[in-house]
Amino acid sequence: MPKTINNYNRFLPVVHFSQTELEESLCNAVIHNDKKAAEIAIFKLNISDNFTSDLRTNKSYIDDTHNIFIGDSLPLVAVKNNNLDMLKMLLSCGFEPNTPAAANCYTPLWYVTYKGYTNSVRKLLEYPINNINETFGKETPLKSALIHKHTEIAKLLIDKINPDKFLFNGVENIALLAHDQFMFIINEISTDKKISLFKLCSKNITEHQDFILFGKGEAEINNMHINNTYMLDYLDNNHDDSTTIIGSID
C-alpha cells in the first residue's frame with residue numbers, strides 16, 4: 001500500500017506518496033507526458049486494488065522543462081505540463097480535480113487560472129469542486145484571474161461559484177471591487193445570481209471596511225467607490241421588500 005504521511009496543515013488531506021514500482025511508473029508517465037504508459041499503469045493499479053486517487057509524487061523534478069515538487073498531485077503535474085489530454089484522462093479515472101499540493105498548497109484550479117489555461121479551467125469545472133473558492137494561503141482563483149486579466153476565465157469561475165460560497169473569504173474577495181474589470185464581468189451573469197452576489201458583497205463591506213481599504217492606492221479606492229455605488233444602485237432598483245440594503249464605502 002502507498003506510504004502515508006500525516007500532514008497537520010488543516011487544508012490538506014493525508015498524503016499518499018508513490019512507493020511501489022507501479023506507482024512510480026504512473027508518476028513518471030504523467031511527469032513526462034506519456035499518456036499511454038499512464039493508462040497502462042492505472043489499469044494495472046486498478047487490477048491490483050492498489051489504486052489511490054490521491055497519489056502524489058515522492059520526489060521533485062526541477063529542470064528546463066519540469067517544475068514538479070514532492071507532494072504534487074498528478075492532476076497538478078498535468079496542468080503544470082499544460083497537458084489537457086493527460087488531465088482529462090486522470091479526471092476520468094477518478095483523480096481528485098483540485099487537491100492542494102503538499103509543498104506550497106497550489107491547486108490545479110489555482111494554477112491554471114494563474115497561467116491563463118482557459119481550456120484546462122473549463123475541464124476542471126466540469127467536475128464537482130468543493131473548495132473552488134478557498135485560498136489555501138494564496139489569492140482565490142477568481143482574484144488571480146482578475147489580477148492577471150484572464151477575463152474569460154474569470155467569467156467561467158463567476159458562473160460556476162455558488163453565490164453563497166463566493167465570499168468564503170470575505171475580506172479577500174470583497175477587495176475584488178478594486179479591480180476595474182470586476183463589474184464588467186459581473187454584468188454578464190444572471191440577475192438572480194448578481195443580486196445574491198451583490199448582497200453578500202454589501203454585507204462584507206459593512207463588516208470589513210477598514211481592512212478592505214487598508215493599503216489600497218488612490219486608483220483602487222476610486223474603483224471600489226465606483227463599483228460599490230453601481231452595486232448598491234443595482235440592488236436598490238432590483239430588490240424585493242425582504243432585502244436589506246447595506247454596505248457603503250466611506
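These residue numbers are counts, starting from 1, taken along the chain as shown.
Note: Cβ is positioned from N, Cα and C throughout, glycine not excepted.
Over in Swiss-Prot, the protein carries these features:
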type	residues	note
REPEAT	70-99	repeat 'ANK 1'
REPEAT	104-134	repeat 'ANK 2'
REPEAT	137-166	repeat 'ANK 3'
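Long-range neighbours of the repeat 'ANK 1' (70-99) within the same chain, counting only residues 6 or more positions beyond its ends whose Cβ lies under 8 Å from a Cβ of the stretch, are 13, 15, 17, 26-27, 30-31, 33, 35, 38-39, 42, 51, 53-60, 106-109, 111-112, 115, 117, 119-120, 123-124, 126-129, 131-132. DSSP places the residues of the repeat 'ANK 1' (70-99) in helix, strand and coil in these numbers: 16 helix, 1 strand, 13 coil. A mean pLDDT of 92 is what the model gives for the repeat 'ANK 1' (70-99). Per-class residue totals from DSSP over the repeat 'ANK 3' (137-166), listed helix then strand then coil: 21 helix, 0 strand, 9 coil.
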